[in-house]
Amino acid sequence: MADRADKAARSSVDPGEIARFSAMAAEWWDPAGKFRPLHKFNPTRLSYIRERTSAHFGLDARAVRPFEDLRFLDIGCGGGLLSEPMARLGAAMVSADASEQNIKTASVHAAEQGLGIDYRCTTAEALAAAGETFDVILNMEVIEHVADPMAFLKDCASMLRPGGLMFIATLNRTLKAHAFAIVGAEYVLGWLPRGTHDWKKFITVNEMETGIADAGLRLKELTGVSYNPLTDKWSLSRDTDVNYMALAERARD
């Protein structure tokens with residue numbers, strides 16, 4: 001009980017980050033708007049989640065609704081760009097974000113699509129303190145925006161059921177990432193509003209590996225995600241210098 005109380009009292013929320021994304025909430029579902037990079041990135045991460053989750057739980061990735069028996073958490077869900085496809089694949093979705101505006105936008109859009117997603121304006125530590133548990137946790141492009149990344153990672157990991165999976169996507173704290181993700185994407189190409197990212201809050205691969213182990217999980221896989229300007233598409237790669245995804249699991253009992 002004391003551990004849950006500590007989690008409830010702690011906050012992963014960075015007010016500046018919440019204000020920044022709340023101001024853009026209405027644009028989540030505009031593929032040509034401020035979240036265009038996420039719309040472009042989405043097919044790659046969706047395919048990765050579908051394939052790895054199906055393989056891990058012995059499911060048929062080609063099935064229409066392969067995730068029907070799984071409970072998912074999309075933490076830092078934003079406007080629901082990941083939550084909606086997962087719901088269509090049958091997952092019982094709990095989608096959380098600390099921005100009330102994001103949750104309102106996501107809820108309205110899901111209702112328009114006829115999707116039953118449990119959207120909540122809350123935090124990882126509050127969900128953990130309430131004793132929530134999940135088979136799969138999607139921790140995508142959020143850890144670099146929280147106040148205490150390693151505490152946030154532990155809170156998320158504490159909600160993972162035995163044998164469960166957590167997907168983590170973030171940016172590496174390298175000079176290359178600063179050049180591509182901040183100077184290039186925000187200042188030169190204008191793909192993202194200036195100030196979207198703070199390079200000092202990026203997570204190195206070594207920090208991620210240590211954080212996953214400290215949270216009681218095992219790292220199954222780590223892969224880079226690279227952008228090809230000639231095709232205007234993202235794909236998995238060996239290059240983890242800028243964008244990368246980590247796949248972690250909790251041991252089965």
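Positions of Cβ are set from backbone N, Cα and C atoms, glycine also.
Between the candidates ASP30, ASP60, ASP97, ASP155, Swiss-Prot assigns the S-adenosyl-L-methionine site shared with ARG45, GLY76, MET140 to ASP97. Summarising the S-adenosyl-L-methionine site geometry, the residues cited as binding it (ARG45, GLY76, ASP97, MET140) extend over a maximum Cα to Cα distance of 19 Å.
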